[in-house]
Every structure is written in structure tokens, then in C-alpha cells.
Amino acid sequence: MTNSTDGRADGRLRVVVLGSTGSIGTQALQVIADNPDRFEVVGLAAGGAHLDTLLRQRAQTGVTNIAVADEHAAQRVGDIPYHGSDAATRLVEQTEADVVLNALVGALGLRPTLAALKTGARLALANKESLVAGGSLVLRAARPGQIVPVDSEHSALAQCLRGGTPDEVAKLVLTASGGPFRGWSAADLEHVTPEQAGAHPTWSMGPMNTLNSASLVNKGLEVIETHLLFGIPYDRIDVVVHPQSIIHSMVTFIDGSTIAQASPPDMKLPISLALGWPRRVSGAAAACDFHTASSWEFEPLDTDVFPAVELARQAGVAGGCMTAVYNAANEEAAAAFLAGRIGFPAIVGIIADVLHAADQWAVEPATVDDVLDAQRWARERAQRAVSGMASVAIASTAKPGAAGRHASTLERS
């Protein structure tokens, strides 16, 4: 079906929220509830792990147009019109909406992203993995301006780019908090626990995004996303560490001037802007208080200790499905770390190992199946690496650090 962003006759925009029970989804519903004159929820989709939250959302919004991926969870709730692995995609295809917020986690968001673009609805994209994995496939499906980013960094870039024309842009600068391990050495990272990796210093996010931020993989994904969204070459996309997370991104222009977007860390601001784009939502978040003394720090990223960003850049330059390989390898390695099967440095070590062997995937995808094949290959390769490292760890229980040394070997490959 063909949708538009004209909204209802009363001017309200009809919004479908995918990933409604997650961090971004719950905050988006708060923004919508606070602005009933601007937005109306017309569909919800969730995995099914947080049924109490979903039931509460159904009661609060009155929405019965709901998708749940987990079949058993859908049966427990009852009266769920869309259920199963393709539930979110079918919900998008069958719902008249002006905006689809894709806040699903991981590359499983690819088909819903493509479905949303096909309907003509504006895609408020928090699920960066679908763009990273789909790459040119997603870009070909989108009309100009149809994708509006939800990530704070890309929302900031979109705002800053209003200050000049495309040919006036010299470079884009993404900021990174540095995560919970800023300033740590490679040796320090050998002993990181999932609990430590789940404690972000400035942002409140879901567990996978928090872990990806700790490893700096999230920033690597954002570099790829920046290139795809704004068409700027990788060698003109910089990353700088800014621990306070007040400046979210900057654009430097050819005359030497730099425009930055600043606001306290609150995802409701970029969420509200993506929902209402190009109009802002009054009172979406608190503004900076310049009457209170503060200092903003900037420092270079230590790419030796945190090589994930440079690996992402290499995958992006290689092109084709290599960014899908990067993302899929990370998803498998991150899950293994959270399960206690590998050490923290091994996450990026496995990504490096998989990319090193992935030359065959440096071709542009023609179909979704091409992307899925690349991801399947990367997952299987990563799983073999995890199994090998776990075997080394078991065989070397009397030799602490053996698994970590194996991870370092992979990282250098």
C-alpha cells in the first residue's frame, strides 16, 4: 500500500513503532503521548521478551494493531493480529502510516526497513544495523529525504548540514563518549565483565547498544551509517572522543568554520526530531544551561586499543556486503561475550578475523538474499572462531590469559 507523510486531516502524523518495548521505543511513545496534537500511534511491534511492557503500552495507547515476533509470547498475550518472525514486516505492509520508527535491534530490522520504504512512509531509523547491512540495497529503495536518522550523532549532522550546501562541506565529525573503558589499556580490557561493559557513563540504552558502545563497534557502525546517509567519503568522516556527550556531532566547512549541535544527552530530542522532521517538537528535552560552569573535553580516539572504528572504515571502503559481514560478525561475537564464552577484546578480534577472510563478499547486493547470505557466512565464521577460542580457554584453565592472547592474535590478522 502507498502511504504519505501528509498525516490525518487534523495534521497529526500516524506512527508505527517497531521495537516498542525497548529503550528507543518506550521513549518514542513518551514523546508521542506528550504531543497528542502532533502524533498518533497506529501500530506497535515487539519481540515478545517484555510482555508486561507491551500490555501496558496496548492499554495506554488503545492500539490493537500489534506484531509480536515470538509465537509463544503472542499466544500468551492473545488477540495479536501479527505474530511470527515476519510479524513486524507484515504490520508495516498492512498499516496506513506516515512515519515508521524502526527501533528493532540488529540486522533482523532489514526487511521491516525495506517494507517501510516501499510504503512511502518516512522511516525514522534507529535500527542502524539494517542500513549498515543493506547498504546500497536500502539506499536504492529510498526516495531522497525518506530516511531520517534517530541516532543522536546523525540527527546532529542533519541539523548542522542545514548551515551550508553539500559542496561546502569539508568533513563530518562524529563524537564518542569513549565508553566506560576510556583511557584503559589493552591489558586492562582482558578482564572486562559483561556487567562492566553494560555501564555506559552518559547514555541510557539497551544492552546490545551499550555493549557496542563499550567496544566502540557502535561508533564503527555510525561511521558506515554516516557515509551511507550523507554520501561523504570515509576519509572525510572523523571520530573524536568527547566524554561529556554534549556535542553530538560537528560539520566543518571549506571556509574553516565548524557548526556543532549541542544538547544534554537525552534521546528524546533526536527521536522527536525524526518523528516530526523537519519540524521540531517544543520541549522535547532540556537545553544546555550555559549559566552553570562546565568544561567540554575533546581527545583523539585510541585506535590501537579500540580498533573497531578503523575496521568499520575498512569494511566500508571495501564496499559490497562487507559492512553486513562486519555487523553480523559483531552480533555473534557480542552474544558470545555476554554468554561468558569469550573475553571482551575477542569481540573485535573476531570481527577482524572474519573480515580478513571475507573478500568474496566485496560485491554489491542485488537482493535481500545476497545480504542474508553474506550475514549467514559471517555468523558461521564467527561461531567457528568463538568455538575455537572457547576450546583454547577450556584447555588452558591453568593458564590465565590464554584466551585473551588468542584474541590478540586474531586482532592482528
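These residue numbers are counts, starting from 1, taken along the chain as shown.
From the backbone N, Cα and C atoms, a Cβ is placed for every residue, glycine too.
Database features (Swiss-Prot):
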BINDING   THR21, GLY22, SER23, ILE24, GLY47, ASN127, GLU129, GLY206  NADPH binding site
BINDING   LYS128, SER152, GLU153, SER177, HIS200, SER213, ASN218, LYS219, GLU222  1-deoxy-D-xylulose 5-phosphate binding site
BINDING   ASP151, GLU153, GLU222  Mn(2+) binding site
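Known features from Swiss-Prot, placed on the structure.
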{"residue": "THR21", "record": "NADPH binding site", "Cβ contacts under 8 Å, 6 or more apart": "ALA46, GLY47, ALA49, HIS50, THR53, LEU54, GLN57"}
{"residue": "LYS128", "record": "1-deoxy-D-xylulose 5-phosphate binding site", "Cβ contacts under 8 Å, 6 or more apart": "PRO149, ASP151, LEU221, GLU222, GLU225"}
{"residue": "GLU129", "record": "NADPH binding site", "Cβ contacts under 8 Å, 6 or more apart": "VAL105, GLY106, ALA107, GLY109, LEU110, LEU221, ASN327, GLU331"}
{"residue": "HIS200", "record": "1-deoxy-D-xylulose 5-phosphate binding site", "Cβ contacts under 8 Å, 6 or more apart": "SER177, GLY179, PRO180, THR210, SER213, ALA214"}
{"residue": "ASN218", "record": "1-deoxy-D-xylulose 5-phosphate binding site", "Cβ contacts under 8 Å, 6 or more apart": "ASN209, ASN212"}
Whole-Å Cα distance, ASN127 (NADPH binding site) to GLU153 (1-deoxy-D-xylulose 5-phosphate binding site), is 14
Same-chain, non-site residues whose Cβ lies within 8 A of the ASP151, GLU153, GLU222 Cβ center for Mn(2+) are LYS128, PRO149, SER152, HIS154, SER155, LEU174, ASN218, LYS219, LEU221, GLU225, THR226, SER249
When neighbour density is defined as the number of other C-beta atoms within 10 angstroms of a residue's C-beta, which of the binding-site residues GLY22, GLY47 has the lowest density?
GLY47
Helix, strand or coil by DSSP: which one applies to GLY22 (NADPH binding site)?
coil
Counting other Cβ atoms within 10 Å, pick out the least crowded of the binding-site residues SER23, ASN127.
SER23
In Å, how large is the greatest distance between any two Cα atoms among LYS128, SER152, GLU153, SER177, HIS200, SER213, ASN218, LYS219, GLU222, the listed binders of 1-deoxy-D-xylulose 5-phosphate?
19
I'd like to confirm something. Which of the binding-site residues, GLY22, SER23, ILE24, has a Cα closest to the Cα of GLU153 (1-deoxy-D-xylulose 5-phosphate binding site)?
ILE24
